[in-house]
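Some notes on the structure that comes next.
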Amino acid sequence: MLATRRLLGWSLPARVSVRFSGDTTAPKKTSFGSLKDEDRIFTNLYGRHDWRLKGSLSRGDWYKTKEILLKGPDWILGEIKTSGLRGRGGAGFPTGLKWSFMNKPSDGRPKYLVVNADEGEPGTCKDREILRHDPHKLVEGCLVGGRAMGARAAYIYIRGEFYNEASNLQVAIREAYEAGLIGKNACGSGYDFDVFVVRGAGAYICGEETALIESIEGKQGKPRLKPPFPADVGVFGCPTTVANVETVAVSPTICRRGGTWFAGFGRERNSGTKLFNISGHVNHPCTVEEEMSVPLKELIEKHAGGVTGGWDNLLAVIPGGSSTPLIPKSVCETVLMDFDALVQAQTGLGTAAVIVMDRSTDIVKAIARLIEFYKHESCGQCTPCREGVDWMNKVMARFVRGDARPAEIDSLWEISKQIEGHTICALGDGAAWPVQGLIRHFRPELEERMQRFAQQHQARQAAS
């Protein structure tokens, strides 16, 4: 995720005239955003059209799917790699590379694709919109992705609270079976592929890929130690790839339109279109598909109607779901919404769930509430997470009141650093990063609150 930037440079030989260089490459894009309607992949994001098979076919789903399957795994993987698609679940790992780990000679064990629809990150609801309004895109994506990695079946693990979404998805799967699009001889390609739905039971930790696999197998949803990785030993001990709903759902469109088309959006290494959730103190909260690398300010003002009270009323933004560090208004002015730009801004794209907070927000209380969430959802398997997040939760509760000393701010920072990177899964990191963002950008607010509490305490003592 924290990939280093590649600095690409070139120079002409001293004796060669520029006009004879023969350089016909197009100039790199410098502006991003304003995605055209014809370039949108998710055409029923707001549920204005029929989400069933008939409506999906009319919008281009399942078009030439048989041809895609017959071109074979290597061709599909090639298009996905050309597209530059990176995982849309948060980590941003190159999808083509990840899927290619499965495309190796079989050792006799079946291979499986597992789709992570256990969307429990606070502020995130992009996958829910796909499941609710465009389920056939996901079912078709399972088929294309499964073909790319030679999988026998797909398991879609859906969050337990998503009752209506699971119902719509099950209807879409049934329609696809009845139309011969999946199952035996899927789409008439000679390729057999099944799709199953597994309901979760409300545990946030099951969004972690190995905990999700454990849950599918009927065990407690606790993350596994890696290695072995799921590509070697996954669900039922078989090679498995776990992928995000959005990642899988865009793959058929990439294959139909071509990887170079998808790569034409966004910056280098941050290509494609992306679903963004915009919530909090905005005039029109929404989920929208936009070009990667769109400026954060443009995203909020164009699609969400701007910050309540105007842009100058903005305090901070959490750009990628609750587990990414917040950024203040000064950073929000110019930052681009992609993996690399947000890493440089000391945060992350995460799930691209933009949580906007205006000046009326008690920023300390808001972050404390997130830490309480992570404390509640920790599985307790790793000591740094089990003890450290609980400790952070108690310290943050005192910070909300101001009942602490300024030196404790550095202690809290140190606690977060001892949790980060020292756990089996990333839940510990997700709890540590919001605290780090708060301290990095709002230390004066913490110190002022502590000073105010101390003065009030002294006044009460003097009065008594």
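Every residue gets a Cβ built from N, Cα and C, even glycine.
Under the heading NADH binding site, Swiss-Prot lists G87, R88, G89, G90, A91, G92, F93, P94, T95, G96. What Swiss-Prot records for 199-247 is FMN binding site, and it gives similarity to another entry as the kind of evidence. The annotation [4Fe-4S] cluster binding site is assigned in Swiss-Prot to C379, C382, C385, C425. If you look up Swiss-Prot, you'll see K81, K104, K375 marked as N6-acetyllysine, on the strength of similarity to another entry. For K81, the entry in Swiss-Prot reads N6-succinyllysine, with the evidence type similarity to another entry. Residues or ranges marked as omega-N-methylarginine by Swiss-Prot on the basis of similarity to another entry: R257. Per Swiss-Prot, transit peptide is recorded for 1-20, and the stated evidence type is sequence analysis.
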Whole-number Å distance between the CA of G89 (NADH binding site) and the CA of C382 ([4Fe-4S] cluster binding site)?
23
Tell me whether C425 ([4Fe-4S] cluster binding site) sits in a helix, a strand or coil according to DSSP.
coil
Can you tell which of G89, P227, G234 has the most other C-beta atoms within 10 Å, given these are the binding-site residues?
G234
Euclidean distance between Cα atoms of C382 ([4Fe-4S] cluster binding site) and T241 (FMN binding site), Å:
24
Can you see whether DSSP assigns C379 ([4Fe-4S] cluster binding site) to helix, strand or coil?
coil
Cα-Cα distance linking K81 (N6-acetyllysine) and F93 (NADH binding site), given in Å to the nearest integer:
12
Below 8 Å Cβ to Cβ and six or more residues apart, same chain only. Which residues does that give for I213 (FMN binding site)?
V114, R224, P230, G234, V235, T240, V242
K375 (N6-acetyllysine): tally of other CB atoms within 10 A of its CB:
19
Binding-site residues listed as T95, Q220, T241, least Cβ neighbours within 10 Å:
Q220
Listing them in sequence order, which of the recorded positions K81, Q220, C382 have their Cα within 10 Å of that of T95 (NADH binding site)?
K81
